[in-house]
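A short write-up of the structure that comes next.
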Amino acid sequence: MAVNLVAPAADSLLPIDGVDLGWAEAGIRKANRKDVLLVRIAEGASVAGVFTQNRFCAAPVQVCREHLASGQGARAIVVNTGNANAGTGAPGLALARQTCEAVAGLLGIAPQQVLPFSTGVILEPLPVDRLIAGLPAAQANAKPDNWLAAAESIMTTDTVPKAASGTCTLSGKPVRLSGISKGAGMIRPNMATMLGFIATDANVDEAVLQGLVRHAADHSFNSVTVDGDTSTNDSFVVIATGRAGTPRIDSESHPDYAALRDALTGLAQALAQKIVRDGEGATKFMTIRVEGGRSVDECRQVAYAVAHSPLVKTAFYASDPNLGRILAAVGYAGVNDLDVDGVNLWLDDVWVARDGGRNPDYREEDGQRVMKQAEITVRIALGRGDATATVWTCDFSHDYVSINADYRS
């Protein structure tokens with residue numbers, strides 16, 4: 001049950017010159033559902049990405065890293081759902097490379113110019129013959145305005161397709177950005193079962209784009225959590241086609257750099273928050289804001305401790321203002337020299353804990369009033385510095401257990 005999340009209108013998603021998207025129903029895991037996405041990328045585009053930090057990273061992640069490092073330039077993306085091709089060893093790597101060879105043959109490009117992605121069940125062999133059989137159909141229906149269908153084609157336990165568009169102005173000219181994401185469970189920073197793809201018609205040097213991708217990921221996909229599990233397949237990739245006719249951004253000091261950085265990060269945040277809003281069984285969307293830390297990392301450490309806590313998440317599901325659980329999470333977050341007498345806690349505008357203890361003016365009915373809302377902000381002030389960090393998360397419901405217990409059935 002998604003929290004204040006609906007599918008976007010297809011005509012609200014902006015086509016990006018130099019990017020075509022096509023899909024197919026290949027029967028990877030289930031029949032009669034979109035499960036293959038093919039993205040054609042114009043020659044000369046810059047492409048950059050960041051990937052899961054899980055040591056058991058999937059075969060397609062390994063191949064993507066190799067192909068991006070080859071310097072040949074990415075010309076296509078292929079995504080399958082229903083099977084993660086993870087925990088599959090050398091045979092899985094061979095199947096990922098076979099997929100790239102099939103796409104390359106279809107499009108007349110080199111296999112190293114294809115970036116493969118998979119999402120779904122781990123530890124099962126990829127049915128590569130079905131995937132390859134679906135590629136001609138995906139190639140045949142590829143077009144620039146297929147963003148909504150593309151979002152539908154990468155869904156697993158998602159209940160809503162996730163896509164968004166935005167614009168910015170660079171050197172006086174309009175620039176477009178469009179993107180899709182997927183994910184609902186096994187979501188934790190760096191990165192989780194999340195796939196995110198954004199395309200823009202801005203003109204960006206590839207090395208500069210890599211820095212922009214890292215910045216956007218740190219402030220979006222690496223700032224969300226659903227259940228604290230880090231997946232094997234997470235990937236976030238940005239394509240810059242250069243078709244907008246703007247000057248090439250070749251350094252961080254370029255006058256257009258900040259505007260593109262902010263637009264890209266804003267769109268990535270929107271896509272990442274859609275994942276949390278569609279968290280498996282979610283009924284609440286929570287913003288965890290920690291301020292007054294000595295560093296951003298310290299603030300994030302505290303925010304993640306609160307956001308990952310099953311006791312905190314189930315309290316929010318029940319609308320039970322058992323808010324000592326939040327203070328307990330702050331206490332075990334690992335800030336060893338934290339002076340708890342300086343910690344303050346708010347739920348929206350309700351001041352719950354003051355100077356390390358219960359605020360004398362706090363009334364439990366006020367806390368419960370906030371916790372009954374679908375969207376809640378938890379604000380924690382550490383009182384030891386000027387740094388801040390924000391993490392987005394959701395609650396744990398009975399449906400989370402049911403969805404994951406039934407996932408393979």
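Just so you know, the numbers here start at 1 and follow the chain as drawn.
Using N, Cα and C of the backbone, Cβ positions are placed for all residues, glycine too.
As the structure is a computational prediction, the values presented were derived from the model and not from experiment.
Copied over from Swiss-Prot:
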BINDING   Thr156, Lys182, Thr193, Glu280, Asn404, Ser409  substrate binding site
ACT_SITE  Thr193  active site, nucleophile
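Feature map: annotations from Swiss-Prot on the structure.
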| residue | record | DSSP class |
| --- | --- | --- |
| Thr156 | substrate binding site | coil |
| Lys182 | substrate binding site | strand |
| Glu280 | substrate binding site | coil |
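The highest number of surrounding Cβ atoms within 10 Å, among the binding-site residues Thr156, Lys182, Glu280, is found at Lys182.
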